[in-house]
Structures are given as C-alpha cells and as structure tokens.
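Before any comments, here is the structure.
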Amino acid sequence: MSFLMARKIRSYFSLRPLRRLRPTKLFIFGIVIFMLVYFVLSVFLRYTGCCNLECVRATLLQYPYVCRLPIIKHTVKSHQIHTTKATQEAHKVHETSQHRAPSSGSFVLVVSAGVPNSDIVHLLDHLFLSYRIIIADHRGYIPSLLDLLRLSNVEDHSPAVQLFIFEDFALYLRLPIDLRSSVDQYCITNDVGVIAFLNEGRAFSTEPDSLTKVGTLPVFLHRLRNSPWGIFIARNTTALHITRQGRLQPGPLESVDCCRATLVPASGSEHLFVPLMFTRTVDKPFGKTDLGTSPVYHTVEKNAKESLTVYQSLIIEDPGLHDGIRRIMFSTSPNGLWINKMLLFDAMIHLSRGRIHASPPVNIPFNKAYQDLSLSFSLTNPASADLVRWLLIDVDDVFLRGSGVTFTKQDATALHATQSHWRHYVQGFRFNLGFCGQFFERANSMDRPGYETILKYRNDFWWFDHLWNHLQPHKLNFSTLMDLMHRNKHFAEVHDIPVSSDYAVAPHHSGVYPIVPDLYEAWRRVWNLSCTSTVHYPHLLTPRPHLGFRYSDVQVLPRQTCAIYSRFIRLEDFPGGEARLRELVFGGSLFYTVLLNPVSIFMTHMTNYKGDRLALYLFDALFRFVRDWTNLKLVSAPPKHLAEVYAHRFASLGAQDLPVYSDPCQDRHDLAVWPIDWSCGPEALPGLLILGPQKSGSTALVHFLRLNPSLLANRYQFGTTFEELQFFSSDQIYARGLHWYFTQWTDSTSSLSVLDTNPGQDRVRFEKSATYFTSPKAPERIHALVPRVPLIVLLRDPVERAYSWYQHTLAHGDLAPRLISFENLMHFGRNITRSLLIRNTSSADLRRLGVDPADATSMEMALAAIRHLYNRCVQPGYYAQHLVGWLSLFSASQVYHSFLILMGF
C-alpha cells in the first residue's frame with residue numbers, strides 16, 4: 001500500500017506531462033508559476049518582515065526612542081510635533097522647539113494638568129528653547145514621565161531634561177512614591193533644577209488663614225484672608241540677573257485670582273530658603289509662624305489696634321540645603337503678576353548654572369564676531385553681553401500728508417529735543433526717519449514750517465528711503481520702482497539729507513515678504529542696499545517671535561509694532577486710552593518685546609509725533625520703566641550695525657538663509673501685499689509630490705502619471721534639471737520665489753495627455769524631484785507651503801540603488817567611477833587614501849584619466865571625487881534616517897492618508 005502511494009506521488013511530480021506541452025505553452029506555464037511564487041514570497045516577506053532591510057534596521061537603532069516619542073526637530077513652522085493618535089492618548093506628550101534652534105537633545109520639561117499655560121509657552125518660544133509639555137491625566141498620573149527621564153543627549157549622552165517646570169506643584173506631590181523618587185534622584189544626580197507654581201494654594205486649601213505644609217518640605221503655604229500690599233524685590237540675591245534688586249511696587253494687590261497665598265518656612269528652617277519676592281500681609285500670624293521665622297524683613301510694626309504687620313514671600317529659592325534639589329517656588333500662578341514672566345526667566349537662568357543666559361536665543365553662546373561688533377561700538381558703562389538690548393525707532397511716512405492734523409515747528413523741535421533726552425536711557429539714540437520726498441514738495445503752508453524745521457536738524461537724525469510717493473511696490477513694475485527710487489534719492493541730494501544707502505523700508509512692507517524680486521533688484525541698483533525690515537515674516541500676527549532672513553544679499557530684520565499706528569494722533573483715537581498705554585509699558589507686551597528681543601526695530605509713523613505725540617509719551621515711559629525694574633543696557637545703532645548683530649546672533653536660526661515660504665492666500669495680511677495678477681492658493685499649489693530618492697524609478701513613475709488625464713505635470717526645464725523643478729532642495733532655484741514656482745505648470749496643448757478628452761477640467765498638479773528626499777531643507781519648505789500635500793516615496797534595495805547610481809555616473813563619463821570599481825568603492829568608502837588608490841589603480845591608468853600620481857593636488861582632487869561618489873551612492877540609502885526627518889513634520893496620523901511609500905525590494 002505504501003509502495004503504491006509513493007509511486008503515485010512520484011508520478012504526480014513527474015515532469016513527463018510537461019514534456020508533452022508545446023514550447024509556447026511551456027513558456028506561458030513557466031511565467032504563471034514564476035508569478036505565483038513571486039506573489040507568495042512577496043506576501044510572506046511583507047508580513048514576516050524578512051525582506052532585505054538590514055541597513056534600515058541598523059540605522060533605526062541609532063534612534064532607539066523614535067517609536068515612543070517624537071524627535072526634537074528645529075523648524076520655522078513646527079510648534080507641536082504630533083505622534084500617532086494612539087501614542088498621544090497614551091503619553092500625552094507635546095514637543096515644541098522653535099525656529100531650527102541648535103540643540104544636542106536637551107529640553108525643558110513642562111508638566112501641566114491640562115491646557116499648557118500661555119505665559120510659559122510664550123516665554124519658552126521667545127527664548128528659542130527646546131521644550132516638551134507633558135500632560136497628566138485626570139488622576140494626576142504621568143505614564144510617560146519615566147520614559148523621558150531615560151532620554152539622553154545624542155552628542156555627549158548627558159541627561160536630556162535640563163529643567164523641570166511644574167505648572168502646578170501639586171502634580172509632583174501627588175506622584176506615586178516610586179515615580180517621585182525617580183524624579184528626585186534624577187534632579188540630585190544630574191543637578192537639574194525645579195521651578196514650581198503653587199497657584200494661590202488652590203490645590204491645597206482655599207480656607208482663609210489656612211496653613212498647609214508643602215509636601216515634605218519645611219515650608220508652609222499660607223492662605224491669606226485679605227489682599228496683601230506691595231511687591232518687594234529682595235536685595236543681595238544671586239538668583240536675580242535681569243530683575244533689578246530692591247525694587248518696590250506700592251499699593252494693594254487686589255486681584256481676585258492672585259496673591260492670596262504666601263510661602264513661609266517652618267520654624268527653625270529659615271536658613272534653608274532665600275526670599276526673592278515678598279509682600280506685606282495684614283493678617284495676624286499663626287503661632288510660631290511670625291517674623292522670627294519669616295524669611296524676609298525682621299521688623300515688627302504695631303498700629304493702634306495692636307495687629308502685626310508681616311512680610312511673607314511670594315517667591316522663594318530653595319538652594320537644595322534640605323534634600324539636595326534646587327527649586328524656585330512661586331506661590332502665585334504663572335500669569336498671576338506682571339513680573340512673574342521676568343522672574344521665571346531669571347529662575348531659568350539661575351537654575352541652569354550657566355547653560356542658558358539672558359539674550360535670546362538663550363542657549364547659543366556669544367561668538368567672537370559678536371563680541372567684536374559690540375566692542376567696536378564702544379559701549380559706555382559696559383554690561384554683561386547678555387543684558388544688552390539693541391533697539392532702533394523708525395519713523396515712517398516723514399512729510400506724508402492727509403491726517404488732518406498739522407505738523408508744527410513745536411512738534412519738530414520736540415522730536416529733536418527728545419532724542420537728546422533719551423540718550424540718558426538709550427546709549428547713542430537717534431530717530432531713524434523714513435521720507436517720501438514728493439510730499440515735501442506738495443506740503444501746504446501749515447505743514448511746511450514743521451517740515452523745514454526737521455530739515456534744519458537733518459544731520460542729527462538717521463534717514464532712510466521710504467519711496468518717493470509712498471506707493472506699494474507689489475503694485476508697480478520694475479521700471480516704475482526704479483524711477484521712484486531715483487526721484488527720492490535725488491530729493492535727498494538736493495536737500496543735503498544724510499540718507500543711509502544701507503537701509504530702506506517699503507511702504508506697508510510691500511514686496512519684502514511675501515517676496516517680490518523686482519523690489520530687491522531695484523534696491524540693489526539704486527541704493528546698493530544691505531538691510532531692510534518687515535513685520536510680515538513669518539506672519540504679521542503670530543504668538544511666536546518675528547524672524548529675519550537674507551534674500552538677494554539683503555539682510556531682512558524683524559520689525560516690531562508698538563500698538564500705535566498711523567491713525568493714532570490724539571489720545572482719544574487710541575483704543576483704551578491712557579490706561580491701555582500704561583498697560584503696554586508697565587509690565588505689558590511692549591516691555592516684554594524689549595526684554596525678549598536682543599534686537600528691536602520699532603515701527604512708528606510721523607503722525608504719532610504730532611497732535612498728542614503719543615510715541616514720545618509711550619517710549620519715554622518704556623525707557624524709564626526698563627531702567628527702574630531691570631539691569632538691561634539699552635543701546636541704539638544705525639540699521640547696518642543692527643543687521644550685523646542680528647545676523648551673528650541668529651545665524652543658526654535661519655537669519656542668513658532664505659525665508660521659508662508659506663501660501664500667501666492663507667494669510668489675509670500676506671495676500672494684501674501679493675500682486676493681484678499672481679496666483680496662489682489651491683489652484684496654484686501642487687496636489688502631489690514625488691520625493692525620490694534618485695535611481696528608484698521615480699522618473700518612470702512620472703511618465704506613467706503623465707498619461708492620466710486628471711494629472712498635470714510641470715514643464716520640462718530644458719538644459720537644466722529636465723523633468724525636475726528641484727524648487728525645495730536648491731537654494732538657487734528656491735530664491736526665484738513662489739511666483740516662479742506657481743507658473744511651472746501649464747495647460748498648453750503640448751503638455752496635455754494624449755488620453756485627455758476634457759482639457760478644461762480641473763487637473764491635479766504634481767511634480768517629481770528626486771533630490772527632495774535627501775535634502776535637509778526640503779521637508780521644512782514643503783511643510784510650510786503645502787502641509788497636507790500627498791507625498792510619494794519610492795524605496796529600492798539600497799545596494800541596487802547605490803549600484804545604479806554608480807552606473808549612472810559611469811555612463812556620464814565622471815572621473816570617480818573610472819578610477820575605482822563599485823566593489824572597491826563600497827569596501828574603502830570614505831576612507832580611501834592615496835596609497836589604496838595607487839594599489840588598486842595603476843599609474844598608467846591614472847595618467848590616462850588625467851590624474852598625476854606624483855602631484856599631491858591632483859591626487860587629492862581624485863580622492864575627493866571618490867568620496868563624493870561614495871556619499872551619493874550610500875547616503876540616500878539610509879532610508880530610516882531621512883524618513884525620520886519627514887515624519888517629524890508630516891505627522892504620523894497624516895502618513896496613512898497622504899504619505900505613500902512604494903517598496904521595490
């Protein structure tokens with residue numbers, strides 16, 4: 001029986017039936033069998049992970065936490081790097097880092113109970129510090145905290161968390177004992193400080209006169225019955241670097257949501273704490289919690305009712321004498337008092353032990369070039385470099401008419417006299433006047449005396465071109481722009497105005513950003529311009545800092561608004577009146593603009609210096625307030641000098657790079673200065689991008705897609721990049737601007753598909769540039785312009801891709817592949833030396849290829865070509881490394897809908 005079964009099986013697998021098939025049928029049968037085997041193997045490899053991905057897996061091992069937490073990336077547009085929805089729900093981690101700030105992986109960890117505090121986020125953004133916000137669940141549990149404590153810097157393997165900020169210290173106190181012990185041990189071992197907010201004691205007790213111990217620390221939270229009186233800044237403390245010591249803000253602190261709690265050390269523990277800010281209470285103290293144990297003034301005042309006046313702390317420093325952890329604790333919430341943000345800044349500087357300083361970007365040290373620039377300006381009363389704030393006040397629209405209020409001689413004299421007075425607060429101060437010459441010529445008899453007085457003092461001001469007739473450049477053609485600039489220049493020469501040829505400002509910032517290339521070219525030809533400024537980059541209204549960039553060799557500086565615009569001439573014109581003006585200055589947005597920007601160029605208008613002269617009132621109050629409450633040193637300088645200072649300080653943040661373009665149609669302020677006949681928005685943007693990499697079949701894919709009548713490919717770049725635009729990867733091409741990019745698609749008959757039966761239908765624009773995948777700049781640029789565009793990446797076996805590139809360069813007759821075989825190239829790689837090359841390539845062959853073995857320069861050039869070829873063969877194949885950069889911007893939740901990866905292994 002078994003014999004018969006074995007014979008039957010052998011006959012079943014016998015090739016005899018195949019021999020009876022004709023050759024054609026046999027060939028077809030073979031193809032069918034091959035396709036079935038290929039399909040089965042493909043499915044098996046895909047679902048078992050056994051495909052040839054060893055190099056990718058090896059690369060992934062360099063990022064051991066990539067699957068759990070997002071990697072810190074540095075880009076203009078990325079405020080929050082999303083993980084997958086499941087990961088976010090599990091870990092509640094938000095990661096933020098601003099504007100390509102260089103970092104080795106260190107970050108500030110903010111622990112929040114819900115929506116992150118806006119003041120903390122605003123401060124960290126403007127300091128350009130990398131940070132992560134971790135949100136506790138409704139039970140106060142923080143599951144991902146332990147994972148964050150295990151992270152380390154990529155460069156030096158030091159701990160990644162450089163500072164803890166607890167928005168509510170109760171979150172820390174409620175942690176499980178083992179987790180809280182891990183945090184404590186982390187802080188002690190790595191000398192990491194903690195900033196804690198107790199939020200008026202709302203998580204402890206809200207009962208008036210209550211006294212609650214803060215965890216195991218020898219300090220109590222005293223809940224006050226009545227509002228305290230005054231803000232006192234302590235003297236003789238090392239924790240205050242920016243804030244001036246010994247200052248007093250008198251008056252009751254009557255805010256309902258603030259200052260109803262103080263911090264008081266336990267009896268006998270006064271020496272463990274240092275007061276930084278305190279207030280005067282009118283409550284009768286509790287038992288031993290009296291002036292003898294208060295960490296502030298040791299004086300007692302008695303009034304007629306025999307009640308005690310007690311001074312208790314609003315902010316105290318714990319130097320770590322109790323448990324080895326350095327803390328600064330606020331009894332208030334982060335936004336409880338106007339001064340809290342500045343004191344939080346001081347606390348971060350103090351606890352960092354020199355890792356950050358007071359001049360944003362705070363983690364970038366001052367290089368020698370910056371120090372030389374400061375020394376060349378001969379600063380009087382030298383201050384610490386990080387306490388210097390450079391500023392300039394531009395006065396736009398000089399001679400401009402139409403406000404209905406006369407500019408008098410007295411207004412001109414006040415302008416001239418004020419700048420002399422302000423030099424007591426701002427070293428070297430001068431107003432910078434932007435003039436429109438046409439309006440001087442057309443001035444009426446009432447305005448003209450004032451204008452002539454301005455010209456009388458012309459040598460005491462700085463001057464810049466503001467265009468002859470104040471027209472917006474984006475509405476003008478190139479020849480008209482040139483003519484208007486020449487007219488204004490001639491006006492300055494006729495009236496002997498010492499106008500700077502280094503700086504100009506376009507009316508309404510038109511043409512600066514979004515970029516109109518004709519404006520920059522006209523500036524170059526007429527003025528040989530080196531710097532300008534704008535409020536539009538990256539957007540006019542943004543909670544994050546305005547940034548600068550460089551375009552066409554012109555340094556563009558960020559310009560600051562001061563809330564008074566050209567229409568505000570009298571106090572009644574200003575919304576909120578005098579109270580609003582005082583609010584801007586006394587700890588408000590204008591004050592923090594100076595504090596958080598090492599270089600500030602303020603935009604004002606000629607109308608703000610007549611009538612009630614609101615600008616003089618505003619800035620006089622600002623300068624006095626900065627002097628009284630801070631240690632900052634205010635310095636003014638010509639625009640060219642400020643441009644050099646800014647470019648050096650913000651070089652790593654893109655100050656010397658091209659701007660990152662966004663769609664003008666997405667911002668009404670950008671759209672207002674975008675030429676009306678230039679397209680933007682969905683109809684101009686690509687709806688699909690093919691990223692490459694090179695030699696992965698992307699060109700073939702484009703040819704197939706061109707056959708689809710619903711798709712529209714870009715025009716060929718004959719003689720240059722052919723079918724590729726390479727807009728986002730090439731600085732030279734990117735500098736051509738958005739308008740050039742939007743015009744690279746056409747509906748001409750030459751580009752229509754042969755299958756297109758309805759040429760008038762809407763078609764999806766697409767482009768392929770294989771250089772995008774490996775470009776370090778392309779992800780950020782693409783995300784800024786088309787953040788939701790579908791992306792296609794083709795991945796081929798890295799070895800086959802490398803060999804294909806080698807053959808590609810060999811076919812083009814490049815030197816490197818003729819000097820070395822592919823096998824030797826992969827073996828020696830970037831470590832190729834002169835001796836190795838001579839050993840593997842004969843001297844005769846070298847000479848035949850134009851390389852002289854006896855000439856060191858010739859040999860070094862040959863070695864450089866080989867190393868370059870090796871990098872072009874190998875680097876694009878590190879797929880995981882490049883994909884991490886793309887996935888950090890195009891969120892993981894978006895990948896499944898708009899990120900297609902075709903794998904051709």
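A Cβ is built for glycine as well, from the same backbone N, Cα and C atoms used for every other residue.
Per TrEMBL, the features are:
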ACT_SITE  Lys695  active site, for sulfotransferase activity
BINDING   Arg796, Ser804  3'-phosphoadenylyl sulfate binding site
DOMAIN    119-350  domain 'Heparan sulfate-N-deacetylase N-terminal'
DOMAIN    389-591  domain 'Heparan sulphate-N-deacetylase deacetylase'
DOMAIN    688-896  domain 'Sulfotransferase'
TRANSMEM  26-47  transmembrane segment
Chain-internal residues near Ser804 (3'-phosphoadenylyl sulfate binding site), provided their CB is under 8 angstroms and they sit 6+ positions away: Lys695, Arg796
Please give the average pLDDT for the domain 'Sulfotransferase' (688-896) in this predicted model. 85
How many other Cβ atoms sit within 10 Å of the Cβ of Lys695 (active site, for sulfotransferase activity)? 23
In the three-state DSSP scheme, the residue listed as 'active site, for sulfotransferase activity' belongs to coil
What three-state secondary structure does DSSP assign to Arg796 (3'-phosphoadenylyl sulfate binding site)? strand
When DSSP is mapped onto helix/strand/coil, what comes out for Ser804 (3'-phosphoadenylyl sulfate binding site)? helix
Across every protein chain in view, the count of C-beta atoms other than its own within 10 A of the C-beta of Arg796 (3'-phosphoadenylyl sulfate binding site) is 21
